[in-house]
Each structure stands twice: as C-alpha cells, then as structure tokens.
Amino acid sequence: YAVEIFLFQVVCTGSQEEEEKAECVPGFQEKEYRVEYSGGFLKDIPLLQVVFDDCTGNEGVEFEVSNPDFLIDEKLNLVPRRHVIDSGDVMFVHGVNNHVDDMAQVTIMGAPSRSPQTLREILGLSDMMPYRSKRSLLVPPMFVPENQRAPFPRLIGKVISSNMKEDHIFRLTGRGADQDPKGVFSINRLTGDVAVSRALDREAIAYYHLQVSTTDLSGKLVEGPADLDVSVIDQNDNRPVFKEPRYSGEVQEGSPTGTTVMTMTAYDADDPNTDNAVLRYIIVRQLPDKPSPNMFYIDPERGDIVTVISPHQLDRETLPTTQYELEIVAKDMAGSEVGLTGTATATITITDRNDHAPEFTHSLFQASVNEGSTGVVVNLTVDDRDDPATGAWRAIYSIINGDPNQNFEIQTNLDNNEGMLSVVKPLDYESAMFHTLLIKVENEDPLVPDVVYGSSSTATVYITVMDVNEGPVFFPDPLVVIRRENIPVGSFVAMLNATDPDYLQTQSIRFSVLRDPADWLIVNPFKGNVTTRAILDRESPHVHNNQYTALFMATDNGSPPASGTGTLIITIEDENDNAPYIFPSVARVCEDSKDMNVVIGGRDKDIHPNTDPFKIELGKQPGLEKTWKISRINDTHSQIMLLHSLKKANYNLPLVLTDSGVPPISNNTELKVQVCTCKKNRMDCSHAGSIQTNILLLLGLVLLSILCKYSFSPPLTTLTRTADPSYQNAGNSR
C-alpha cells in the first residue's frame, strides 16, 4: 500500500498541486493533459498550453516533444509543425534547464493508437496495480538533446525503486554504459539519478538501449534488469547536401510553359521527422538573365525545374545563348530564415528542333561540262538556322525534274552541307546542248507541324554541255565473220564500218590495223575493207576456239584528232590439211610374256569431220602379217598383237594411219617396240640394243641352213636397220 501511495505521488495531477501553491515545485505544474482528436490537427493551430515553472523565472528552458510533428512555442503552447493526422494517442513533453528537468504526458482522446506506451506503461503501472506489485523498479524513457555544451555530467532522469534498501545499489549496463561507446551514461548508485557525460551526436547514434538493475553490495541481483531507452533529440546541425555539385538538363526549344527540365535533389542528415531535414528549393540566380531573369521555376518541395518562359520566346535561334546556368539553394527548416543551406549549379541546354526549313542561297545555279566527262559540276549552297550538329540542319538534296535519263546525281557534303551535283552518265553535245534541272532540299528530320518547305527550298540549275571532238565509233563492234582456212592471199575478209558522233562537223575517217597477232590481215585506210596478206591457219596458236581476233582503229581529222577502236572476230572453218599421227610412238613389252599386246591410238590437229574414225594398218613390207596382227577397238584406238615371242631387242613396226577427211589423208609412220626383260614387276630395257646384233647373226645362219636343206621358198621377212642403230625391222622375228 505504501508503494501505491509513492507511485501516486510521482504521477500526481494538477488538481493536487493546486492545493500546494504556497510551495513552488520546479517543473510541469500539471503532469497530464488531454486533447480531443477530431480527424487530425492543423499546422500552427495551438492545441493546449502547458504549465511549467522552474521557480526562478523559466530562463533558458528548452522543450522537446516526443512526437517530432509538434513543438512548444514561446507561449508554452503545444503547436503542430505541419498538418498531422497520425498523431498517436499519447506524447511526452520534456522541459529542461539548469534548474529543472521534468516531463509531462499529453493524451490524445479518440486518436488511433500510434505507440503502445503511455507514461504509466513505461513506468510499469496499470489499472491493475495489485497484480503488478512485485515490480518496484520504475525506469521512465529519457531524452537528451544533441550538441549540449558543458558543464558535464548533466542529469537527464531518475530511476526509482520502491524496494531500495541501504545495502542496495543501482547498476547501469548496455551500449553507452559498459559497452562501446563506454561511459556516455552513468547512474548514481544510491539515488538512481541518470546523467550524460558528454555531448551527443544524433547522426552518429540516435537511440541508446540500456538496462537498469539493483544489486546488493556483493553484486547479487535484486531487481531487474529493466530497459532504459534514451533518445537523442535532434538539432539542426547539418546542412543540406546535393549529390552532385553540377547538374545538367535539356529542354527543347518551343516547349510549352511548365515543361519539366530536370529534378534537383539534396539530402539532410538531420532527423527526417523534424523540420531540421525538411528542405525547400529556390533559384537564386540565372545566367544569362535574358530575355527574362525568371525563365525557369523550381518546385520548392520536389525540386523539379520547369520552364516559365513562353514557347515562342524559348527559341534557340534568337536566344543570346543555348545554355543557361541556375544557382540552386536548398534550405532546411522548411525554408525558414534560420534554416541551413546547400548550393548546386544546374546547366540547362536549349536543344534544337527542326523549326527552320533549309533555303538555297540562290534561286539559279549555272555550270558547264564537257560532253563525255563525269564528276562534280557544281556545288549548291543552302542556309539553315538550326543546330549544325543535328538532323534538323543536315540537308538531303533530290532532283525532282529535268533528268529523265538519270545522267545526274546529287549528294550532300557532310562537312559544309552543300549539295554536290555530279554527272554520272556522260552527256552528248549532239543530243542536247543544255539541261535544266529542278533541285529540292529537305532536312533529315521532319519539320515541326507549323513550318513547311517554301519556294526557297527549291532551285534551278542550268547545265551547258561543251562540244568535244569524239572518236569514230565502229558498228557493229565486234564484227564477226566466217572464213575458211587456207584461202588465197588477198582474199576479202570483212568491211569495217565506223561513224563520227560529231555529225555537226564534216570530218573524214582513216582506218588502220591496231593489233594483228599473226600478221594475216591488211585494211584499206579509206574504204575499210579487210583482206588477207597471208594464209589463214586454223591450227595456229593465235586461234582460240576456232576464232581469230584482230583490233582496228578509226581516226578522224578533227583538231585534235580523235580515234576509236573496233574488234574483228574471224571464225575459221577447218580443212583437212593435217595428217593423223599415232600415240604413243614407243611401246614396251616383256620378252617372256604369253600375251604380248599393244594398244595405240590416232590423233589429228584437224577437227571433225576431218579426224576420226581412224584406219590403222600394217605397213606394206612383206612378212609383217606373220609376226603382227592389228584389230580395231573403236574409232580412235586399235590393238597390235604379237603372234610369237621376240628376243630382247628394239623393233620398228611400219604402220599406215588414215583419217576420215574428204579427201582422206594417210600417214606412213612407225611404232617403236622395245622387247625388255621383266622380273618381279620390273622392266629392264637397257641391253636391247646389244642383243640385236646377235639376233641378226643368228637369224642369218638359220636362214642359210634352211635354204641349203630345203627347196627354195619365199623369205618370211627382210632384215633392215633403222636410223637408230638400236632398232631393227619388226619383221625380222626369226
């Protein structure tokens, strides 16, 4: 019961203190206040007036409210800093100076709950006191303004224990006491007074959570631990800081008033729940200040920079500059005079839009060009007031009339935006002496809706074609004729035809041979008829695919003379003027071979029908058919079979090869046959010549003995020597 009486004295109301007016008690004269909640509180409208007296005149008293949306003004009125809806249902007012440190509670009647704690709950009290009688350690929350000045330590609150005995002491633990940062707070071991030992920095640590307990002198725990929460009350000790010292933005010329250009953002390290961190933005200077010093506006709360100048004044081509610099100031304390400031620079570039059509500097351009030449003939110049670095300035030229044959082309010079008019197909003076072109110029980017291309965006170009002496032109070119080979010298081949394009002038033409690889042709210089000066030979190396090519030149008598070239192609028809020949010309066989066969073929330099089928026969020498036999394989090849073995030697086999031309041509030729020694897939023909002599002698003796023994009979063959001493007649086989 004594504990309840003591607690009642701690939270006593103003009605009790009115009975003791005779004695001044420093602090709040009323500890509890009530305010009706009606949906919220309006900014700067007082809610109530607290009663506070330090008994010495209230000098230097500072008040802090637990809800940062409220403050105590000079008349001790509780006033909202802003429009408040979520006020919570309870707040605490802390008053302190050198003489007193006291706290009062304000209850918001009917408000939605913001915090579960009331003063009674913080102190551990409730309406059910009999059930909480075991808890006698009372620890109220404490508030400490940051940046306090000496002297220290300063008393910030008191912890009360109803069961405190002489051998009991208070103990303070936790961060800020016996944990880093150590020694910030201390507690009087006997009285429970809590003090701060040095100035605090809310931006470093805004909240301390400690524990209070009581122990006996031996250190044995008696009560607790109970939580002690110390909140550091913010002071406006941090200036607003912009993230960057310079910001850049762009706005297109002609943009509507109110167009957002960019957003400036600054930060304040102070408590965001107080005006210390509520920022307001303002433009303090604009450079240059023409055409108006207030071309831009910044939203005080959001920091959005928008245009104020009218669209027609926001013209990049008429403004004194395309870049404006704004000095932006951010001030805390919601922009009040006592607020701290930070500064940054905003650079705004006025960007171009295509609001000016390009215009030719002249309505008429003139140029001259030699016929037959190509290249740039004139450069067309334009003016455009838009930004040269954009597609609103870059020009695109087009020929809209006067070029039906597409002889001209126009391209943009990227360095100076001029139009380079070129001749891409040579002009002909005789066809047209003058050309009139209509040129149009546009921009890469489309024009804005209220601007159109006018008459100055088109120009006329007069082109004068200068006459040049042109060389004669052959027709047809090439000239193709067909002639048979071996025609007599002086035979007519072709008639050259060349005309002079300069038909407005009277000029004569002379013909000459420019290139005649085989030196077969001659041309009449005046008439142009081509005749032979040598025999045409289809088999000549200068003939390719049966065609012979010669080049002629025609020269006029202009000043200076001009010439042209023409080509004559002669397709040469074949005659049967080449005898066929055999291949291969040498054949090798093994002396002990049971099947001694040789395959040979015929070839001819002529072409069909003067070539195959070939007829291959043995020569007319008697006795060859007893040693050799020829059988046809196909139109070009035949097989020669050896009817009996031959000794190792070299033999000449006479053959007759005939083509199918009309008339046919025959060739009496020889096939050289080498009879070699063959062992293990190796053929040795090196001693065939030395063996030949022995064979001749042996054959001679054999024949002599036959003639003596038997009656006379015709000889099988006759032995002969060839120009090569290593070869003998292929008929001497026995």
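Placement of Cβ uses the backbone N, Cα and C atoms for every residue, glycine included.
Remember, TrEMBL labels are computer predictions, not curated facts.
Feature annotations, reproduced from TrEMBL:
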- 170-242: domain 'Cadherin' (DOMAIN)
- 243-360: domain 'Cadherin' (DOMAIN)
- 361-474: domain 'Cadherin' (DOMAIN)
- 475-582: domain 'Cadherin' (DOMAIN)
- 581-691: domain 'Cadherin' (DOMAIN)
For the domain 'Cadherin' (475-582), the number of residues DSSP places in helix, strand and coil: 0 helix, 50 strand, 58 coil
Residues of the domain 'Cadherin' (170-242) by DSSP state, where helix covers H, G and I: 0 helix, 39 strand, 34 coil
Overall pLDDT of the domain 'Cadherin' (361-474), taken as the mean: 94
